[in-house]
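Here the structure comes first, spelled out in structure tokens, and everything after it is commentary.
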Amino acid sequence: MKITKLTTYRVPPRWMLLKIETDEGVVGWGEPVIEGRARTVETAVQEMEPFLIGQDPARINDLWQTMYRAGFYRGGAILMSAIAGIDQALWDIKGKVMGQPVYELLGGLVRDRMKMYSWVGGDRPSDIIEQITTLKKGGFDTFKMNGTEELGMLDTSAKVDEAVRRVAEIRAAFGNTIEFGLDFHGRVAAPMAKVLMRELEPFRPLFIEEPVLAEQAEYYPRLAEMTSIPIAAGERMYSRFEFKNVFAAGGLSIVQPDLSHAGGITECLKIAAMAEAYDIALAPHCPLGPVALAACLQVDFVSYNAVLQEQSMGIHYNRGGELLDYVINKEDFKITDGYIKPLTKPGLGVEVDEERVIAASKNAPDWRNPVWRHADGSVAEW
Ligand SMILES: O=C(O)C(=O)C[C@@H](O)[C@H](O)CO
Ligand SMILES: [Mg+2]
């Protein structure tokens, strides 16, 4: 079998889907994208196409290593996202050729269902109690929200109290009938991370995500020394070569690689296995589309340390497109009592509605995250 064509489709709300065709008619789908840089990743995929055309899609490991190593420069958000989407599509092809879901090709199920969580609250966390109440009726009991709005490197007690009040209200409303992670989203600098984490400790958030920016990962062990709240991170790290230093330094309790940013299934499987060796839980990051989520689930169902899976249904980014808009087998993505069952169809387990994708790609927006500013006019971490 040979790869004959790669086609990228940028689609609302902010995703990009990749179709890889072969000379035997088997087609694989991937989701190579960096939110806000879809066109850049699209170009990176197109630059890899001349190498891939004519290759045997079954040789995923060789294609992965060659895409990673043969260009001399390697790693980073753009190249690893391009490789990620191509890798996902190659595993989709392999599964379809073998007539098996990817998890069967990776040694079979390690669990019968996977725990999911849902975002609440939006960019500027609000209406959280109402949103949790609604989603709780739908069976979710685990949530994630932004921990703060923009925050200065040094900020006021009022800002700290505002963040703590929001969390106190959640616990007052729901007690321990729900769990919630707080995403600091890189908005919090190290000086304020210590203050916030100390004040939030009594409310026992399930985890605090990106307590500081990924480039400040040396703070994870120091923060972990001062708090019992599990520290989670990973969406802005792109290969096992980045994660190895973080794992070895300690402090990380939950690793959150993004299957569409960190090299795809081939790489995230390795990251998951490395994390397990350090007793670190796996909770893949996935605020993206259905192909990315399907790839996450294929890794979750073969990874013992997988504990939680993010999904983007109802997320505040999905304006103009929702998770299942481009999926034919919507019923397979049903979440019951906060859990999802394995995707059992061959390949990634998602049947892409190609007509819908092509139609939607005709007017795909160039999504960009907002640029926030502090009161003094300096740019704020979003
Ligand atoms: O889902 C998360 O954990 C996020 O932090 C969302 C962020 O990754 C946005 O997708 C960036 O555009
Ligand atoms: Mg996050």
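Every residue gets a Cβ built from N, Cα and C, even glycine.
Please treat TrEMBL annotations as automatic predictions, because they have not gone through curation.
Among Glu150, Glu162, Glu235, Glu242, the residue that TrEMBL places alongside Asp183, Glu209 at the Mg(2+) binding site is Glu235. His285 (active site, proton donor/acceptor) has its Cα within 10 Å of the Cα of these recorded positions: Asp258, taken from Asp183, His185, Asp258. There are 26 other CB atoms within 10 A of the CB of Glu209 (Mg(2+) binding site), with all protein chains counted. Note: the Mg(2+) site is recorded as Asp183, Glu209, Glu235; in the same chain, Lys144, Gly181, Phe184, His185, Glu210, Ala232, Ala233, Gln256, His285 also have Cβ atoms within 8 Å of that site's Cβ centroid. For Asp258 (site 'Increases basicity of active site His'), the count of additional Cβ atoms within 10 Å of its Cβ stands at 29 [all protein chains shown]. In this structure the alpha carbons, written CA, of Asp183 (Mg(2+) binding site) and Glu310 (site 'Transition state stabilizer') are 12 Å apart.
Only Glu235 of the recorded positions listed as Glu235, Asp258, Glu310 bring a Cβ under 6 Å of any atom of ligand 2; the order follows the sequence. Relative to Glu209 (Mg(2+) binding site), the recorded positions with Cα atoms inside 10 Å are His185, the candidates having been His185, Asp258, Glu310.
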